[in-house]
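A.B. asks: Pasting a structure below so you can have a look.
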Amino acid sequence: MIPGSNPGGRIHNVIEMFENYFMDAVKGYYRHLAIIESQDPLEKINSLIDDYLKVNKKPRVIYGFHPWLDNSKDRMKELKKRFENFLDIDYSNSEKYLGQSADLVILDAMDDFRPNYIARFVDMTKGGGIAIIYSDNILEGKLYKKSLTRYGVVKDLFEARFIELAKRYRGIIFFQGNDRITFTPYSSNETHKPYKKIPKSPKVSMELHELCLSSDQNKVLEESLFIMNLGKRVLVITAARGRGKSASIGLFLSYLMSEGNFGSIIVTSPTYYSSQEIFKFIIRGLEALNVKYKVITSRDGKIMKISTRDSRVKWVSPDLAKNEEGDLIVIDEAAAMGIEFLDYIVRSWDKVILVTTIHGYEGSGKAFLKYVDKLKGKVLLKNIKMDYPIRYAKGDPIEKFLFDVFLLDAEPHEVEYNGKLKIVEVPQEELFRDDDLLKSVYGILVTAHYRNSPDDLMLLGDMAFQKVIVGYSSENPVAVCQVVYEGGLTDKQIWDISNGLKNEGHLIPHRLIKYMRALDFGKLKGWRIMRIAVSPENQGKGIGSRVIEEVIKMAKGVDWIGSSFVADYSVLRFWIKNGFLPVYLSSIKNEELNGYSVIVIKALSERTKEFVVKLSSLLKDKLLRTSHQVYYNLNPQLIVLLLRNTYSERIEGEVPDLYVDKIKAYTEGKVPYNVIAEAAHFLVTKHFLELKADLSIEAEASLVARVLQGKSWYHAGLMLGLSSREVEDNVKQSLGVLLETYT
């Protein structure tokens, strides 16, 4: 180990020692990470680069920064002069570069030390390469950290843990100030390079196997042939990041296109960039097979469609994918799409390929794996797991560091709930002081929610205006609730929000002020339950409700408790069961989360109750008037749940006699539905405003899908898991019941 200090500032002599370590990294195909915290970091960066260039004379370089900040372009240009192959990337656009790799990756952290960017860029580093993060001071003057700061108060718990682990882990070079270096070497003897393993008699073309970089990729090519057999089939590919799963599927799709077995293939993903590697490798595969193809690109250069003589593959957004038809659909980053979406696709298509990351910086796939287990009993399903990384060797020390410092694979202890629950607030300092406790608590959050990111861990540690409440059973955490203080805004803050300015620290007041124009709501003080999670083996035992009950007791001097989450039937039902009412549903789908945001509130003061009545009645009115347009793709059962649990401040008049006669004619089979559509709409609207009839959730969802959303019988059936005939039977019978009730 290099000593922790280097007296006299003779840092160049120490840096010269790294050449041998860099050579060993090339041999073992593993990476180094250098973290430089210094007022003059460029001198140290250049010295490290000098040593690295002795090992790799013409490296590919990726440089991440915020180009719009003072001096950032000057720093970038100073380093760019040294290289021929240099790509500079704006942090804000870095998602576009998923799948890119480089020998040398440099992160400018002078203005922003953001976990998401660190994880994404360091992951771009190839085996034998080095990632360099440089900053003047990791703790101060950083953009993401400012978003966690309120009234000048913020903590440093995330950074303290980051620095501590960086100094302790091997393969990491840590410079602090002008004369301190911490570094413990790694060895090529501890790594295993990826290797291809082509079957002796492959069924998939040898040219495609030759393009593979690992035995796992060869395995995917051969075993994916499962999808070509007769009958309804689901193929699942799971892996950690960097295993080449998207590339493997791209090569396999090129094989299908060359064979002409599937004329129309759809690819969808949370964003286009999640699946761009699939399209790159379709092209590489087709070229290796000497198959002629045509490419259609968007104005900004995205490959949207690839066609051969007998086949075509195109990317479509998730919403449009619901209404597409074809021979095969591929869903990349499937776990991010939500179980409801996946269920719809699996019901609608005979051939489905689900590709997803497990334990990556984009989230945990635990809920997805549970879904896959349930599917096994319903359809023919094959799950292929990929273990070997292709960008670097197995055993790479930097992957180990990233997983541990960002808790990417954190999992809670399996604890059998004994019926006794101790619920306490755990100070953030205690949480970050005890790594086992932190892993267990964060693991519960990660396993319960797919969309986690390294940023979430920094928020948990650094944001001061929050509570972390933990439920223990047998001395082990089984539930976690993260509460953020919101509201109590000044007139100036309310004016700013109402005029379009951001206020990220107050999510619920922000949405209700900006979009519902409930300006005075901002003055009320509230607690937003940012996350509540129960360990997987203990869900469905009432633990979450017990925790919420305790949180309500803790909320002294608070006007409201609320939560905001992606609209999901079971999640919304949980909140309603615990006395929370929906007051807001976003009008635009959050593409990143693949859903609409819902806000629920439990009023703890009379003033809040007035707002809840008003806002929830406006929400009901909006759903009744715009489900055919704004909420056409929303789950009809979810709409029913919202309509049944919101207030009504208006009523419809009596049902006109003409409408009664028309609906009777329809229920008796004398006229088709389209003839009586306006009468049905009037009657269904009246029902949800007055809620006097007792209908099943399936019956009401059928009414919502056909009457309020305007779906065809076929698409209504797909949404509800029913046949077209079953949906129409539900609608006829339900309209008959409503006539009896409201006339």
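Cβ atoms are placed via backbone N, Cα and C, with glycine included.
Okay, so Swiss-Prot annotates it like this:
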- GLN217, ARG391: ATP binding site (BINDING)
- 421-605: domain 'N-acetyltransferase' (DOMAIN)
- ILE532, ALA533, VAL534: acetyl-CoA binding site (BINDING)
A.B. asks: Residues near the acetyl-CoA site, ILE532, ALA533, VAL534 excluded, by Cβ within 8 Å of the Cβ center?
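C.D. replies: Same chain, not in ILE532, ALA533, VAL534, Cβ within 8 Å: ILE444, LEU445, ALA448, ALA479, VAL480, CYS481, ARG531, ILE543, GLY544, VAL547.
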A.B. asks: Whole-number Å only: compute the distance from the Cα of VAL534 (acetyl-CoA binding site) to the Cα of ARG391 (ATP binding site).
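C.D. replies: Approximately 35 Å lies between the Cα of VAL534 (acetyl-CoA binding site) and that of ARG391 (ATP binding site).
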A.B. asks: Measuring Cα to Cα, tell me the gap between GLN217 (ATP binding site) and ILE532 (acetyl-CoA binding site) in whole angstrom.
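C.D. replies: Spelling it out, the Cα of GLN217 (ATP binding site) and the Cα of ILE532 (acetyl-CoA binding site) are 38 Å apart.
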A.B. asks: Mind giving me a neighbour count for ARG391 (ATP binding site)? Other Cβ atoms within 10 Å of its Cβ, every protein chain shown.
C.D. replies: 22
